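The FAD binding site annotation in TrEMBL covers ALA49, GLY50, LEU51, VAL166, GLY305, GLY306, SER307, GLY308, VAL309, THR310. According to TrEMBL, the feature D-dopa binding site maps to TYR221, ARG276, GLY306. What TrEMBL records for 6-319 is domain 'FAD dependent oxidoreductase'.
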Amino acid sequence: MAPIRKVAVIGAGIVGSSSALIAIEKVPNIEVTLISETFSPFTTGDGSAGLWKPYLLGNVAPERLRFWLTKTFNFLQDIFMSENASECGVGLLPCYEISTTPLETPTFKDIFLDWRPMNSKEMALFPSRYKYGAFMTTYFAECTKLIPELLKKFKERGGQIIKQKVENFSELCGKYDVVINCSGIGATGLTHDPELKPIRGQVIRVKAPWIKYAVMDPEFYILPNAEETICGGTKQVGDWNLDIVPKDRERILSGCTDLYPSLKKAQVVREWVGLRPGRNEPRIERETIKTVKGTIEVIHNYGHGGSGVTIGWGCAHEAITLLEDALNDINLNNIRSHL
């Protein structure tokens, strides 16, 4: 019988919660502990609109991206078609994407429930400077609801949770056989990855129940969820400021009310700032790390930009495949050492 191996997952955002749940459901003979300093509703994903659509993602090979996108889209669709859609905060959302310059047709357009160029009547809904547009039907996931549901399932399957900040992998060496690093922008301190940079996002949440369609242009977005509408935003690379900036607020309100004038009368619920983990491409790879306390196997799963909800479930599946490889190697080396 294979020995029980101990696995730690760092980070309790949408990526970490997904990775922890998939690990405990898919991989036999392991104990999984999720370790995080921050939990919902205070993770980066909790402040986002949770729209399924790649955003600030970086460069990814098309086949790899399609796997991540398809896995995650189907995951959200399964939730939406179940009796738990409301508890998980998953809903269907029609969207208009408009631009003053031609839009590229996405290679993954077939994954959407619907994607097509906007017609002239639809274009006439918006300011005349917009000459190009696409209509799509997709999903949103409110992380303030989805993450707790994922962690609930994780605990029901025997998962352990520890509230703690991990500052160095050496802290986990000797306690765990493999670590899955889903620390988001926190990976800057853990890995010292020069490619990882914050992309600051500031949004305003309002009560606007009459808005049922999302609207996006290259600078602004209006994304309704079940009870609130998220107006954004900013994408300031390298900016670590977590304070509300009045200048950004004014810019967002001006840009969004230009697209939907009725938002001028919407009640502001709250404002939020988060730091997206920006990178040239998401880092999902295995690394053997030497620490002062020995070596430890680490599976990195961070750098998803503004697309954690869009690709997180698919990325978690890829990370867990790497986990299985690492555990197989550990067990094989253990057998060899006893020959």
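Cβ from N, Cα, C; glycine included.
Shown on the structure are the features that TrEMBL records.
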| residue | record | Cβ contacts under 8 Å, 6 or more apart |
| --- | --- | --- |
| ALA49 | FAD binding site | PHE140, VAL203, TYR221, LEU223, ASN225, ILE230, GLY232 |
| LEU51 | FAD binding site | LEU93, CYS95, THR138, TYR139, PHE140, ALA214, TYR221, LEU223, VAL309, THR310 |
| ARG276 | D-dopa binding site | THR44, LEU56, ILE185, PRO198, ILE199, ARG200, GLY201, LYS235, HIS304, GLY305, GLY306 |
| SER307 | FAD binding site | PRO54, TYR55, LEU56, LEU57 |
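The binding residues for FAD are recorded as ALA49, GLY50, LEU51, VAL166, GLY305, GLY306, SER307, GLY308, VAL309, THR310; their greatest pairwise CA distance is 29 Å. Across the binding-site residues listed here (GLY305, GLY306), the residue whose Cβ sits among the most other Cβ atoms within 10 Å is GLY306. ARG276 (D-dopa binding site) carries a strand DSSP state (E or B). Summarising the environment of TYR221 (D-dopa binding site), the number of other Cβ atoms within 10 Å of its Cβ, over all protein chains shown, is 24. Within 8 Å of the Cβ centroid of the D-dopa site, not counting the listed residues TYR221, ARG276, GLY306, the chain contributes SER48, TYR55, LEU56, ILE199, GLY201, GLY232, GLY233, LYS235, GLY305, SER307.
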